[in-house]
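A.B. asks: Feature annotation from Swiss-Prot assigns compositional bias 'Polar residues' to 1-13. Taken from Swiss-Prot, the feature region 'Disordered' applies to 1-25, 579-603. Marked as phosphoserine by Swiss-Prot: 13, 18, 588. Swiss-Prot lists 14-25 with the feature compositional bias 'Basic and acidic residues'. Look at Swiss-Prot and you will find 29-97 tagged as domain 'GRAM'. Positions annotated as domain 'Myotubularin phosphatase' by Swiss-Prot, on the basis of sequence analysis: 163-538. Sequence annotations record features per position, and here Swiss-Prot assigns active site, phosphocysteine intermediate to 375 based on sequence analysis. The feature phosphothreonine is assigned by Swiss-Prot to 495.
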């Protein structure tokens, strides 16, 4: 797994590597400048430092800090090292050493990042060098604590496509065949008065009035009532999402909620029961009763079957990822790799999430039963399960644009707390709300793409760039906790969408082996034998680990596709030229244009 150490270590994100190859993303390409800059990006300061590289030792360099990134360029002739770190990636900045520190390179800054790497810089003790760099980094990495805007609100990039137009909720519901005689679209939440963390348009049973919805909302955590996420195109079974019922220790009941779930059940005439998947371990669901929550009991919900999926909470997932980071950065212990990976429990959690989503998809497709999914508040594990199940069931979501719509719909519009889970611009790195829930979802998607290499239009780079900009604060896509907050901040007017960047250069993110198959259901194998650590993401910063290179067959196939496209373009140009000649009035019976055959392409 390990390869020989190299003296040239480039710690770039995938996106920053693309900056050097293309100007489509709007980066300043002036090679006389020391640091690449986006429109709206300004240089704040620069300073000579010693970068304590965990792989090659101390390297003298100059660090540049802008209002968007930390950029380090090596000053040593035998090193081509460049570090390019968006400030949004930084989780914590700590001072290293004190005034009495005498060890070599023992005085400086330690920087912890959200993307599985740490940085250490040694600075001179005189001239307040460390203090100045610490204060500037803290100010721009954590702008919310200093009444400064996130960089997304300063970014002036322009693209030839508008990513904000990718998702239109009503159009997406119409694609699914909604509304119909069982389901209607309501705008009761237009002003976010019913539920401030739900989107404005909701799909609910046709027989449920808006007054019914208001009464049901009083019995669901955060007023997150059961609403439709997806409907099967043939058997018309549905996936419905919500939060936990407010049962409490006394076992409270709510006739309106019970009746509402019955109405949902009755939209499906094939099965007499509604299947409820509670994402939590049963012991946690019982414990939630102490804080007013709970689950649907058999006594209250006679026509429902309840299953617990044993997926752990945000705190367990956060600690698990910390353990992954400990074993992959900076060094990988080859001799204890398997036991170390097992001790993180990360792949066990991936397995449980995938297993739960498979159960949801199978129950809807093969079991012909409508399904209701919830966890506690319905914005973490619930989003994982519904979106993964929809990805398995609906081939549309496996296209580039379809996946963007899936993320916009099930995660962004339905209130996954991105600001709280990621901590955009927030210095409180110990916040208990931080958790890698969305990363876990993307990891599950990657696991599926490994098992079904022709089923997804997008490639691995597509997934990695989404994760890179989950943290970067360059785009407005993942900012804030819910749709109502984004509307208040006018995010779609004042920021650029990540989908603008991706969709303006789609070829870069396409899987050359993609085969479009409509209505094919994917059932990944969620066993530990078939799951693996995503090396190209989690261990990409370590130059000693041999990254998984593109398959030579894949590379050749992409070259042939490019060649085919070039030939098609040239043939089309010939056809246009030929058509123009044929439309000209003949100059003589033996005009060459009359004798030229019409060129056709058989591609």
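Any Cβ shown, glycine's included, is placed from N, Cα and C.
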A.B. asks: What is the Cβ neighbour count of residue 375 (active site, phosphocysteine intermediate) at a 10 Å cut-off, with all protein chains included?
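C.D. replies: Counting Cβ neighbours of residue 375 (active site, phosphocysteine intermediate) within 10 Å gives 28.
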A.B. asks: Summarise the model's confidence over the domain 'GRAM' (29-97) as a mean pLDDT value.
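C.D. replies: So the average pLDDT across the domain 'GRAM' (29-97) works out to 90.
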A.B. asks: Under the DSSP assignment, what numbers of helix, strand and coil residues are found in the domain 'GRAM' (29-97)?
C.D. replies: 3 helix, 39 strand, 27 coil
A.B. asks: What's the CA-CA gap between the residue listed as 'active site, phosphocysteine intermediate' and residue 495 (phosphothreonine) in angstrom, rounded?
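C.D. replies: For the residue listed as 'active site, phosphocysteine intermediate' versus residue 495 (phosphothreonine), the Cα atoms are 32 Å apart.
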A.B. asks: Tell me the Cβ contacts of the residue listed as 'phosphothreonine' under 8 Å, same chain only and six or more apart in sequence, or just say none.
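C.D. replies: Listed in sequence order, they are 152, 153, 155, 475, 476, 479.
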